[in-house]
């Protein structure tokens, strides 16, 4: 019996087509097990180490193609982007919108939409920049390099490109004497009429200078010694001049007839600021009150605004007549409505960011909800406000007292008059508030600014008893001709409508 077992074992050992027991696993079998099965055990690794010096080259009958296995994680096709980051709905809407007819709309509808956009957003959406200035960005991490840096050109602007800057004379066009002008920051002593007549208050007198003919006329002189003129303001269209005095009076003069029409008394202290809104004359007093006067009726005092605790030194109606801005010695700026609300006369907005007296207040002529204000020596800032939202759009430290601010109707710029130490006028670009030019010449602080009716010349009155005329907003001749043609066409349409 043992003989048969021995023969069977011998036969199995000599048989070549049977698997060899305890032999190393073939390479193709080991690769297949590693791809589909668990990691090999230490025992199998030890068994393979005996035959590490000899590797079979090719297994008979086995194809050379590698066995394809299913990956454990889906890798994704690199030529197909992930749609989770794509705005497919927006793209579909834009593609479908291109096939629809364009909605041109009526001019009236477009004007209403633009007005709503200006009041709600503070800017026109159609003309706005995609990226708007919102503050200083955070610094990048140390060692960070922007991979998009190669997309931006480092070359200088070609010399053939058109220059965007214009020539601004650094010297005044004319210098007039202003003897005995009161060196008082809180007074408003100069104003330029639509008829091209400049009114200047010199102590107790008011003088008129006709810019066209050069004639000078003394309109009035205070009767009582010690009294003086504290403010002057022309009506928007006409020959009527309002005069505020130190004895709390508001006088109304017909300049053409050189006659005082009426004397309005309602204040208890000097009237340091005046502003017109059609037939309503608003006056600000040292008592902190603002009075509305209806110059058509005998009972002229129609309203009292109480929003300041000290002197109202800045007062200005908006060009559209919807808002009144007031600045006071209490460092407060109030924005008032044109009419009383449900709770009476209350300010729509109150700004308290200034740290000094606010005399300089000016409304943007092309954007009725934008207001510029300037603070005194303790503040030295110019701030731009959106009176609808109450937001401060920008604040610029000018390093000196701000006495007055004017907007240019021809350029998107504004000019400010300053005090110590340089007593200069500065032109700023809006809305970036970049400095365009500085006009120097006064030897004492600027007391007030006013602009000619054509918007080209600015008159500055200073404590050095001079009145300087600066032609800093001269309009381009081609642009002037275009505007003249547009005004003529508009007037002809009005006449046709009247007929």
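Here, residue 1 is simply the first one shown, and the rest follow in order.
Cβ atoms are placed via backbone N, Cα and C, with glycine included.
From a predicted model like this one, the values you see are computed outputs, not experimental measurements.
The annotation region 'Disordered' is assigned in Swiss-Prot to 27-82. Sequence annotations record features per position, and here Swiss-Prot assigns phosphoserine to 41, 72, 92, 153, 161. According to Swiss-Prot, the feature N6-acetyllysine maps to 66. As annotated by Swiss-Prot, phosphothreonine applies to 70, 106, 157, with the evidence given as similarity to another entry. According to Swiss-Prot, the feature repeat 'WD 2' maps to 224-263. Positions annotated as repeat 'WD 3' by Swiss-Prot: 266-303. The feature repeat 'WD 4' is assigned by Swiss-Prot to 307-346. Taken from Swiss-Prot, the feature repeat 'WD 6' covers 397-438. Look at Swiss-Prot and you will find 441-480 tagged as repeat 'WD 7'.
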Mean predicted confidence [pLDDT] for the repeat 'WD 2' (224-263): 96
Secondary structure content of the repeat 'WD 4' (307-346), with strand meaning DSSP E or B: 0 helix, 19 strand, 21 coil
Where residue 92 (phosphoserine) sits in the secondary structure, as DSSP reduces it to three classes: helix
Same-chain residue ranges lying at least 6 outside the repeat 'WD 7' (441-480) that approach it to Cβ under 8 Å: 166, 168-169, 171-181, 183-185, 187-196, 198, 200, 211, 401, 403-406, 408-411, 413, 415-420, 423-425, 427
Residue 92 (phosphoserine) CB neighbourhood, other CB atoms within 10 A: 10
Residues of the repeat 'WD 2' (224-263) by DSSP state, where helix covers H, G and I: 0 helix, 23 strand, 17 coil
